[in-house]
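Shown next, in structure tokens, is the structure this report addresses.
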Amino acid sequence: MSTLARTRFRTYPPGLFVLCFVELWERFSFYGMRALLVVYMTHVVLVQPVDAVEGLGVLSGFLGLDPVTDKGALVSELYGLYSGLVYFTPLLGGYLADRFFSRDAVVIAGGALIVLGHLMLTTSTWFLLALVLIVLGTGGLKGNIAARVVDLYPEDDPRLSRGFSLFYVGINIGAALAPFVCAGLALRYTWGLAFGATSVGMVLALATYCAGRRCLPRQTVPRMAVAAGGGRSVNIWLLAAACALVWVSYEQQANGLMRWLSGRPGGIGQAWLQAIPPLVVLLGTPVLLRVWRVQARQGREVSAARKIVWGATVILLAQAILWLFAFTGPAPPPVIGIVFYLALWEAGDLLFSPAAMDVFATAAAPGRAGMGMAVWYLTIFVGNLASGWIGVLWGRLPVSSYWLVIVMTTVAGVAGLSLATMKRDREACYDIKTEWK
């Protein structure tokens with residue numbers, strides 16, 4: 001490694017690289033399991049007699065579905081519940097870590113639950129219990145790992161946003177590798193080996209975290225804090241609502257866009273499409289980090305709040321371009337159009353997500369970053385739900401009208417973000433990070 005490269009790496013706390021590798025393996029575990037889940041339920045779990053899967057009869061009755069005649073709908077409901085709850089339970093994990101236990105304890109306990117859940121997935125009998133364990137474990141680990149990034153920096157340190165950009169690279173590497181590795185193992189070998197790989201990923205995440213704890217700031221069990229006043233907290237909730245609207249656009253990449261592309265004879269392989277966003281992250285992050293460093297040396301690096309708005313605006317532009325393609329007819333866009341849309345969307349997300357993680361994590365009262373990150377993941381949960389509700393309109397509306405709904409949803413998100421981060425006075429931009437403090 002060159003002297004220049006070593007110098008650049010030294011500008012980041014050593015603990016940041018520990019957390020990046022933890023998140024890489026945790027996301028490998030998560031996305032590997034998610035890539036297998038629908039097919040595994042369809043071809044393994046739900047072909048069993050109802051009483052062979054513990055709790056399936058009760059759950060399907062609660063959902064009003066028959067496990068035999070409504071198998072497709074049941075698969076969709078179970079997948080939707082799982083995908084949503086993994087972004088809802090960080091509220092519980094953040095609350096426990098910020099109020100009662102140390103963040104390290106909640107992270108390690110959450111990781112252990114995930115490992116146990118993945119191992120149990122190979123047995124159809126305990127499939128639903130395994131999902132519950134994974135959901136609870138993710139709740140303990142997900143938000144608190146991101147909150148540990150905040151612990152590495154002094155309060156109001158502008159480098160935190162750059163730290164989250166590097167953290168975001170770890171997320172995308174794990175997400176990109178997992179579907180290929182785990183789906184390949186399931187196709188060529190066995191389900192047990194595929195789920196074993198997801199378990200190994202989570203074990204590596206835990207091992208990395210435990211071995212690297214000496215690089216992280218020490219923590220004590222938190223004491224109950226006085227709740228922050230709610231007078232100014234309206235902005236953080238406006239910010240959260242606006243972020244949720246932006247996430248609707250993202251979730252449509254796996255919903256409306258995939259349905260649209262399915263109409264193309266010999267359509268584009270989904271695995272190939274999945275490689276585009278991580279590639280943009282890997283190529284774009286070093287460029288952005290260099291830009292932020294240069295701006296910081298010149299004393300004019302833009303605030304995290306402004307990066308959020310800029311990123312969401314680029315996302316809106318990408319969504320508008322996809323909408324314009326719909327005016328050429330009901331046929332899906334050409335391959336180059338889809339690649340351009342996905343690349344531009346992810347370029348916007350490079351600005352949007354790391355800066356938003358910075359803002360939400362530091363918006364909470366000191367020592368309560370876990371709850372701040374939980375609210376960030378709650379925006380993904382709400383966006384997921386809203387995207388599913390809007391997805392019902394596919395086939396009922398003309399293609400151009402459907403994508404116009406998504407564009408207008410994103411416009412509302414950008415408007416909300418602008419309001420939440422607008423200038424407080426003529427002198428300076430209102431710093432959303434003062435919320436909850």
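Cβ coordinates come from backbone N, Cα and C, glycine included.
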Among ranges 127-145, 146-164, whichever one TrEMBL labels transmembrane segment = 127-145
Take a look at 79-97, 166-187, 193-212, 304-326, 401-420 and tell me which one has the most Cβ pairs under 8 Å to the transmembrane segment (127-145).
-> 79-97
Selected stretch (most C-beta pairs under 8 A with the transmembrane segment (79-97)) from 193-212, 375-395, 401-420 | 375-395
So which of 166-187, 193-212, 270-292, 375-395 has the most C-beta pairs under 8 Å when paired with the transmembrane segment (104-121)?
-> 193-212
So which residues does the transmembrane segment (338-363) touch in its own chain, when a touch means Cβ under 8 Å and the partner is 6 or more beyond its ends?
-> 146-147, 149-150, 155-156, 160-162, 164-165, 167-168, 236, 239-240, 243, 246, 249-250, 253, 257, 261, 268, 273, 276-277, 280-281, 284-285, 288, 304-305, 307-308, 310-319, 321-322, 325, 332, 369, 372-373, 375-376, 432-433, 435-437
Across 166-187, 233-250, 304-326, 401-420, the most C-beta pairs under 8 Å with the transmembrane segment (375-395) come from 233-250
